[in-house]
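Accompanying notes for the structure given below.
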Amino acid sequence: MPEPGKKPVSAFNKKPRSAEVTAGSAAVFEAETERSGVMVRWQRDGSDITANDKYGLAAEGKRHTLTVRDASPDDQGSYAVIAGSSKVKFDLKVTEPAPPEKAESEVAPGAPEEVPAPATELEESVSSPEGSVSVTQDGSAAEHQGAPDDPIGLFLMRPQDGEVTVGGSIVFSARVAGASLLKPPVVKWFKGKWVDLSSKVGQHLQLHDSYDRASKVYLFELHITDAQTTSAGGYRCEVSTKDKFDSCNFNLTVHEAIGSGDLDLRSAFRRTSLAGAGRRTSDSHEDAGTPDFSSLLKKRDSFRRDSKLEAPAEEDVWEILRQAPPSEYERIAFQHGVEACHRPLKRLKGMKQDEKKSTAFQKKLEPAYQVNKGHKIRLTVELADPDAEVKWLKNGQEIQMSGSKYIFESVGAKRTLTISQCSLADDAAYQCVVGGEKCSTELFVKEPPVLITRSLEDQLVMVGQRVEFECEVSEEGAQVKWLKDGVELTREETFKYRFKKDGRKHHLIINEATLEDAGHYAVRTSGGQSLAELIVQEKKLEVYQSIADLAVGAKDQAVFKCEVSDENVRGVWLKNGKELVPDNRIKVSHIGRVHKLTIDDVTPADEADYSFVPEGFACNLSAKLHFMEVKIDFVPRQEPPKIHLDCPGSTPDTIVVVTGNKLRLDVPISGDPAPTVVWQKTVTQGKKASAGPHPDAPEDAGADEEWVFDKKLLCETEGRVRVETTKDRSVFTVEGAEKEDEGVYTVTVKNPVGEDQVNLTVKVIDVPDAPAAPKISNVGEDSCTVQWEPPAYDGGQPVLGYILERKKKKSYRWMRLNFDLLRELSHEARRMIEGVAYEMRVYAVNAVGMSRPSPASQPFMPIGPPGEPTHLAVEDVSDTTVSLKWRPPERVGAGGLDGYSVEYCQEGCSEWTPALQGLTERRSMLVKDLPTGARLLFRVRAHNVAGPGGPIVTKEPVTVQEILQRPRLQLPRHLRQTIQKKVGEPVNLLIPFQGKPRPQVTWTKEGQPLAGEEVSIRNSPTDTILFIRAARRTHSGTYQVTVRIENMEDKATLILQIVDKPSPPQDIRIVETWGFNVALEWKPPQDDGNTEIWGYTVQKADKKTMEWFTVLEHYRRTHCVVSELIIGNGYYFRVFSHNMVGSSDKAAATKEPVFIPRPGITYEPPKYKALDFSEAPSFTQPLANRSIIAGYNAILCCAVRGSPKPKISWFKNGLDLGEDARFRMFCKQGVLTLEIRKPCPYDGGVYVCRATNLQGEAQCECRLEVRVPQ
């Protein structure tokens, strides 16, 4: 069952709707399922419908159709369609055809039956019953304008076609159901195919949206005002959510505005829509057709509705702007045609507005917050009412308590919302609502950069092979971009590239690589990128071992074997050019890269040319099979032994065998009686000696001498090396030939009649040994030179060439750099990535095959020199020096910068002289010791580990000669007036100047040279500084600075005023006293603090309290009258002086108090008997017994009185609680409170409150019971 409160998922994407048709027409109902291949049943009144003459059933992919032919009133009723567990019901209503009206009889065939109404009228019209559609007589249904409750897609109501006259306004509306959406839908409006209307919002086009919280329906509107003919055309509305998408197309027709004198009656009667074309308006008579009264009526309606023909109501735009919020000013101004709105809006902003102060919030939220993804954020407000309730909203919807994601805190007047584990879904607008007030903020969730933890690997493939690039990033679900040669690979190229995600792993797959796919591929994330190279080579088949000629005897086995580079390549065996068909005697095998042809029981018919042709390659491997026929001739008995070979004699051909292959020497022999066969192998070579001629050997001039060898007898009949002898032949076999088996073998046959001997030379060849590790040199930006030595042993065959491989140091994949063998012992490798460490290795190749790889070279990193520095300029020139400055090169590269070199040369000379030994890291330099008057060119080069980069040279020669410049002081504006500083403050006066050569600077004060350690002067080539660490009054005065070059000079005067607090006024005295008034007089202070006295402060103090109160402040005169004194009190008076620094530290005060007497009356205070208010403690409200629940704070209260204030003590079961931090005791206005924090059952017992003072003691007690919650 579906979960409660959730809508079950329907199996239909498109549901059939109820229809109303006329009798005799056909009704068509369509349904679309979520996936194809679903069994769908159609029912009427609970019974299944089958295909017959009445009902037509059709299914095409996801689309299923029911057609009711020749509908009659009997076909009315309830129908249903069922797919799986989903069932949708709909109704069919059949009506009698209406009689044709007279007006319609005059309309030509093909005229439209109804005139579409404008979109504004469609919205105001009353919709017909839910789900109904009107069906024409040809069976085509038109959707009703009303919105069905069960939407198709995401729309509740789709925007409809509309018409408007030029200058009019129209509104297109779309409603989207939001009950099942987790986030607000995103709606985009388009005109034509690609024009996004959000970029065209302005005076004539506006987009509005709203949300009805009660019905949970989103309303999106497109407002077009002052429509023009260019506004006509097709529009599209697209709505999308997280996992759903829907769109709707609609049209807007704009008619020309028709005045009362412009209406052409004849053209109005002409039909303006052509068959098979869109609507168009034409005033020419050539395009006119038959009269069309509906068109005339339509133009009449549009003429009446034309907004330009009606007098618009007067609107006070100024009043609307005054009542609107500032964010709506620009929209209202554009809407009412006010284009130059800057001055009115400026005036409106300048008007005084009564800003309403927030009464609910004391501290609001900040305008915006930012938090990293996965972190926690706290949003805090402070309320005016601590007991007020708050609501937190996210994008307008209230946040509910859900686990540990949202935490609501309330501490006093503070309200806090804590969001844990922030994700991108938390990036939203938040509001805190208190009553009718609210404050808003924006939360921005910042994603940490996605790093690449495993980089891409270089790959080398053949054409047609599968390529897969793989990388690993730091986060799952991260978005990555794949690029080829800097161009992003988009999803539109999925027919060639396939993108795959597996957790943190990302794959780029090319199913069949072509030559065009070669290049540099990169994967880019928000935190970096990784680059790899793909090299695609055309398929080229290499033959590691070719087939060889064979010579075998009858009934023997012949084996042809070859080895190629590609184990997937198949081939065909040919015999004399014809394909060889395998049978029981002839077998063909293919294991890995080895192809083998085996012929058992060889016969003379098998002697032929055999070839192996690989499929798909224009090459073949050929060999010949020789059949050795043994001829038996009749010989008399006592025949001497004879060895029958193809090359008899003392120098037979050398027999070559590959290491690991089987060596079989089949030697036919004859003799009677049967001879004895002896096989021997030469072990060591002896001395040279003369030898007699062999009896059967041909005469040869050079055959009179031969070498004498020490020989090893071979007589084993089993094992790896064995000898098998029969009557007519002797077979010498070596299983798995090795290097030690190489040498000269001697076959000797003997019988009583004589003997015969033959030497056979066997040579064992192998693949070469691995070369030594290659050496790397001439490392450049993307290239290097690789050098190596030949292998120590070439395998018995000359080395044909070498194969070079490289890999990234942190990778495990080696990539081949050449397919054609390298003949030289060096190679320049290119197309490497700068800044990536590489290793190289080399293979040696001979006729047998490829050697093992050499050890890897030392790691190296291709690094190119940096670019040339920029903006080289001459900063200063003197008689022997030139000051240069420049900026870093635009391209630094992976090698960084080690420094810069500076060189110079004479004009017209090509020899450059270094200006300094080594490099400098600074970007400026002073070149010294240059010849005066010389014209020199300067150049600067940047260096790194790869060497120097390109130089930058001064554009013109520089003449080494001092340029005389008149001295001039550039006195800052703030130093041209009196400089005021307080005592103790530092003084730092910087005065820039100009002049060449360097001017001489002189400071004087009052015409005297400056002296003393407190004032210091610091000079540089461009400015001078006067510095005083702590200013004193004696530093005040007039300073003069002079810069001089020979007989030229410039002066400037500075006035420094050091100010301090003034001294107190002098000679304060009381001039007169009368009534409630006192007249005071004093003299100005002796020291005014080196600045003007701003005023005085007069204070009075009552003799009884001696608390001073200010009477006059900032008073500028030296006499005053203090009024409103109290009769009978005595007063003291004092006066402070003030200047710009502050008030004087001391005041001038009157020595004797001034008494204000009551005239004529002497007051005698009454005598009273002193009362004793002391009282012993007593409890006015004793403690009461309580029963509380454990874990919740508890309070015990009582009230006590007594004088003097009694001392309070609390006890529990006789123990004093004053030292226990779990108990808090309060006393306010005689009310005593004991707070027990989170009590436990152990806190139960008898509590006593005791009050004690000098008059006595009192106490009260109660019993506290702590219950454990059930």
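Yeah, the Cβs are placed from backbone N, Cα and C, and that goes for glycine too.
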For which of the residue intervals 1-24, 721-744, 1201-1224 does Swiss-Prot record region 'Disordered'?
1-24
Tell me which of C422, C439 Swiss-Prot records as disulfide-bonded to C432.
C439
Report which of S127, S134, S302, S883 appears in Swiss-Prot with the annotation phosphoserine.
S302
Labelled region 'Disordered' by Swiss-Prot, one stretch among 683-702, 1083-1102. Can you tell me which?
683-702
Those modified residues listed as S423, S455, S546, and which of them has the most Cβ atoms within 10 Å of its own Cβ:
S455
Sorry to bug you, but what's the C-alpha spacing from S423 (phosphoserine) to C439 (disulfide bond), rounded to the closest Å?
23
Rounded to the nearest Å, what's the C-alpha distance separating S546 (phosphoserine) and T603 (phosphothreonine)? Just drop the number here, would you?
24
Please name which of the modified residues listed here, S47, S72, S423, R1237, is nearest in space to S455 (phosphoserine), Cα against Cα.
S423
How big is the Cα-to-Cα gap, in Å, between S47 (phosphoserine) and S72 (phosphoserine)?
19
Using DSSP three-state counts, the residues of the domain 'Ig-like C2-type 3' (449-539) come to 6 helix, 49 strand, 36 coil
About how far apart, in whole Å, are the alpha carbons (Cα) of S423 (phosphoserine) and C432 (disulfide bond)?
21
Counting distance between Cα atoms, which of the recorded positions S72, C432, R1237 is nearest T603 (phosphothreonine)?
S72
Three-class DSSP assignment, S72 (phosphoserine), comes back as coil
Cβ neighbour count (10 Å, all chains) around C432 (disulfide bond) is 23
For R1237 (omega-N-methylarginine), list the number of other Cβ atoms lying within 10 Å of its Cβ atom.
12
For S47 (phosphoserine), just give me the three-state DSSP call.
strand
Under 8 Å by Cβ from S72 (phosphoserine), same chain, sequence gap 6 or more
A23, G24, V94
